[in-house]
Amino acid sequence: MADPPGCCSTCATCLLCPYSCQWITAKKEKRKGLRTTKYDCSWFFFLFGVFLFTLVWLYFAVIILNDFHNFNEFIFRQKKLWLDWSLVLLIATAVLISYSSVLLILALCLQLCGQPLKLHWVHKILLILTALVVAAAFTGLGIKWAEEWKSASISLQATGPFLHIGAVGGMTLLAWPLASFIYRTRSTGLRVFLLLVYCAVMIALYLAPLGITSPCIMEEKQLPPKPALVGHRGAPMLAPENTLMSLHKAVDCDVQVFETDVMVSADGVPFLMHDEELTRTTNVQAVFPERASLNSTAFNWTDLQQLDAGSWFLERRPFPTVQSLSPGDRKEAAEQRIPSLGQALEAAKQSNISIMFDLRPENHSDYQNFVNVTLEVILQSGIPLQQVLWLPDGFREDVKQQAPSVQHIYGRKRLKNEKEPVLHVNLPYQDMSSEEIRQYRQDNISVNLYVVNQPWLFSVLWCSGVSSVTTNACQVLKEMKRPIWLLPSSTYFMIWVVVDCVSFLVIIWAFFLMKKCSHRTRPAESETDVLLTKINSLMQE
């Protein structure tokens with residue numbers, strides 16, 4: 001395999017020590033006659049594969065942060081334990097990617113110095129464990145959170161052009177150690193194989209933009225209007241969710257719709273609550289410990305009014321933004337109570353925003369009564385019915401008869417043979433492609449997608465032409481005056497050509513220089529070998 005031509009002793013020692021866990025100098029290494037064997041090469045390729053595998057997981061970890069609050073809520077409902085698991089995810093991922101990156105850099109530097117790639121057995125075990133951990137993470141993601149694969153696909157519309165540039169740059173830098181290895185190795189078959197693989201990968205990368213599509217590759221004059229903001233349970237990053245404070249904070253963020261969830265108490269009072277149990281967002285375990293596990297609808301309104309619906313927000317800190325709340329906001333949050341639907345409607349009317357809600361639980365035996373009671377409160381509130389956006393599918397026809405001016409929002413795509421035209425749809429952002437969004441917009445159908453928290457996702461949907469988005473981060477999206485990036489197709493084409501041409505020239509230069517260096521070292525190596533052979537012969541005589 002590759003011959004070590006000689007390297008600075010200090011540099012060789014510094015590289016070999018962490019990689020091979022051996023404190024030996026380049027001279028001792030040469031004396032031992034160690035070379036990089038096929039077995040060592042196989043471990044280098046495994047290291048490279050683990051690095052790429054972990055890098056892909058890092059990308060997924062960053063993408064799923066948009067939806068990670070849902071995962072935190074899921075874990076709480078299962079284990080009654082609240083923790084921001086996104087921090088655990090990011091720290092663990094950072095450790096894995098850092099470890100594999102450092103090892104890969106050491107290996108490439110050793111190759112450039114002509115030193116043998118003798119990976120220590122401890123690193124081999126840790127690399128196998130890293131691969132297993134990342135594989136388990138991907139498996140768990142596919143089983144429990146399969147919709148995130150769609151999120152990753154959408155993310156490529158935002159990151160595709162930049163991933164292409166990064167991949168071309170990384171593979172271009174790899175040309176230096178690759179050229180060093182090819183000119184030093186004695187195996188013609190391995191040399192040809194590596195060259196073919198590298199050329200195939202580079203050609204694929206150079207042509208990758210042909211398959212990259214993004215709605216943000218357009219002229220600025222073609223950019224659709226900025227999507228309206230719908231506050232998901234209000235402004236849950238700034239106030240306890242589904243409270244009047246959350247509604248008012250959402251109004252400050254210029255949201256046009258307050259999205260919430262409604263349940264009906266045992267004595268017939270509709271109130272705002274998302275979870276079927278009260279344990280996550282109230283102190284029900286302290287006030288009614290023996291009834292804490294009951295459904296929210298099992299409590300009467302008098303009992304619900306005794307509960308604290310704000311202190312949990314300050315104690316558990318469901319979002320990092322809680323730490324930056326002012327003393328006044330902290331005091332107000334601690335004083336929040338569960339609001340009734342009537343109170344929420346009055347606040348929405350005063351703030352001149354719409355209110356959109358789900359009525360839960362849909363499988364309740366008394367659900368029709370829930371619908372009637374809720375409609376009665378809406379009609380008595382005096383809010384203009386055009387500001388009420390009705391989401392529940394159950395008994396929708398009854399609602400249309402009793403309150404014909406209420407706007408109906410459908411949680412599905414339109415059907416081919418609709419009896420009545422569907423004017424508003426509300427769907428997860430993973431369920432609609434950019435092409436479908438454009439088609440619905442052309443047909444004057446309002447599309448609201450949820451839950452959109454990250455600016456990159458908001459930018460993609462903005463470029464696609466979505467009407468509105470439901471968000472937890474209204475204070476962030478409010479400040480966006482334009483998508484994160486917007487490129488005319490001609491500009492993107494120019495960037496593509498320039499990047500590919502520069503990469504190609506750098507690769508040619510790398511191979512040329514490494515070939516020149518290899519020619520310089522070979523005569524010196526030959527003279528040394530002849531001298532050592534003569535000395536050995538004299539000693540034997």
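Glycine residues also receive a Cβ, built from the backbone N, Cα and C atoms like all the rest.
Unlike curated records, TrEMBL annotations are generated automatically.
Annotation source TrEMBL lists domain 'GP-PDE' at 227-481.
Taken from TrEMBL, the feature transmembrane segment covers 41-65 (among others). A Cβ distance under 8 Å defines the sequence-distant neighbours of the transmembrane segment (41-65), meaning residues of its chain 6+ beyond its ends; these are 1, 71, 86, 89-90, 93-94, 96-97, 100-101, 103-104, 107, 117, 119, 124, 127, 130-131, 134-135, 137-138, 141, 145, 148, 151-152, 155, 159, 190, 454.
Annotation source TrEMBL lists transmembrane segment at 85-113 (among others).
Same-chain neighbours of the transmembrane segment (125-143): 46-47, 49-50, 53-54, 57, 60, 64, 92, 96, 99-100, 103, 149, counting only residues six or more beyond its ends whose CB sits under 8 Å from a CB of the stretch. According to TrEMBL, the transmembrane segment annotation covers 125-143 (among others).
For the transmembrane segment (163-183), the list of distant contacts is 2, 108, 111-112, 114, 156, 191, 194-195, 198, 201-202, 205-206, 208-209, 212, 495-496, 499-500, 503, 506-507, 510-511, 513-515, 517-518: same-chain residues at least six beyond its ends, Cβ to Cβ under 8 Å. Annotated transmembrane segment per TrEMBL: 163-183 (among others), in sequence order.
According to TrEMBL, the feature transmembrane segment maps to 190-212 (among others).
The annotation transmembrane segment is assigned in TrEMBL to 492-513 (among others).
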Other than its close neighbours in sequence, what residues sit by the transmembrane segment (190-212), given a CB gap under 8 Å and a spacing of at least six beyond its ends? 1, 41, 156, 160-161, 164, 167-168, 171, 174-175, 178, 181-182, 492, 496, 500, 503-504, 507
So what's the mean pLDDT when you look at the domain 'GP-PDE' (227-481)? 96
